Amino acid sequence: MSNQKPVLYSYWRSSCSWRVRIALALKNVDYEYKTVDLLSEEAKSKLKEINPAAKVPTFVVDGQVITESLAIIEYLEETHPDVPLLPKDPIKRAHARAISLLVASGIQPLHNLKVLQLLNKKEAGFGGQFAKQFVVEGLTALEILLKQHSGKYAVGDDVTIADLSIPPLIYSANRFNLDLSPYPTVNRINETLADIPAFIAAHPDNQPDTGLNA
């Protein structure tokens with residue numbers, strides 16, 4: 001195995017990249033951060049040479065390229081098992097994955113930058129309206145699931161893969177000025193996670209490219 005640091009292609013405000021940054025921090029993985037300006041066609045064109053989808057996060061380890069945030073996190077789980085993000089109990093593990101997928105597949109893609117830009121081209125401001133509707137629907141479902149499965153954290157009393165998606169989702173909701181009072185369980189867990197050093201280190205405000213295109 002190479003001694004070269006793995007490389008994370010990231011953007012400070014990318015929800016998907018944020019999830020991976022949290023996992024890397026929790027597992028104490030030393031890596032190189034490479035900024036991808038998502039508003040730059042040149043930057044995306046260069047990234048496409050590595051990742052055909054030209055998306056972040058893109059993770060390169062030992063010359064191998066891994067794409068998609070949850071696939072990267074699962075890889076880290078298998079290669080750095082000392083800080084587990086998947087519960088041992090199969091049912092809890094399934095719940096943790098389901099919550100993570102709800103956000104990563106059912107909520108986040110509907111308000112990502114590419115979608116908002118496309119919708120706003122058709123009608124000014126429509127992207128924001130569209131995003132708010134689906135974020136609210138997603139938060140409503142997430143609140144119910146967390147009431148069913150949470151302890152101190154999203155699934156039980158240990159941080160799991162499910163928790164990694166909560167801070168980015170709340171961050172996005174705040175950017176859309178959504179009322180978060182209907183989601184007390186989501187808020188409680190988000191506030192608890194905010195005190196964990198790994199979550200602080202992974203926050204958008206603490207990245208090398210913080211403020212780019214702000």
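The backbone N, Cα and C atoms fix where each Cβ goes, glycine too.
Features as listed in Swiss-Prot:
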DOMAIN    4-84  domain 'GST N-terminal'
BINDING   SER14, SER15, CYS16, SER17, TRP18, ARG19, VAL56, GLU68, SER69, GLN108, ASN112, LEU113, LYS114  glutathione binding site
DOMAIN    89-212  domain 'GST C-terminal'
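Structural mapping of features recorded in Swiss-Prot.
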{"residue": "SER14", "record": "glutathione binding site", "contacts (Cβ under 8 Å, 6+ apart)": "LEU38, VAL56, PRO57"}
{"residue": "CYS16", "record": "glutathione binding site", "contacts (Cβ under 8 Å, 6+ apart)": "LYS55, VAL56, PRO57, GLU68, SER69, ALA104, GLN108, PRO168"}
{"residue": "TRP18", "record": "glutathione binding site", "contacts (Cβ under 8 Å, 6+ apart)": "PRO167, PRO168, TYR171, ALA202, HIS203, PRO204"}
>> Per DSSP, what is the helix/strand/coil residue tally across the domain 'GST N-terminal' (4-84)?
In response: 31 helix, 16 strand, 34 coil
> Can you tell me how the residues of the domain 'GST C-terminal' (89-212) break down into helix, strand and coil by DSSP?
Replying inline: 87 helix, 2 strand, 35 coil
> What is the average pLDDT across the domain 'GST C-terminal' (89-212)?
Replying inline: 90
> Within 10 Å of the Cβ of SER69 (glutathione binding site), how many other Cβ atoms are there?
Replying inline: 27
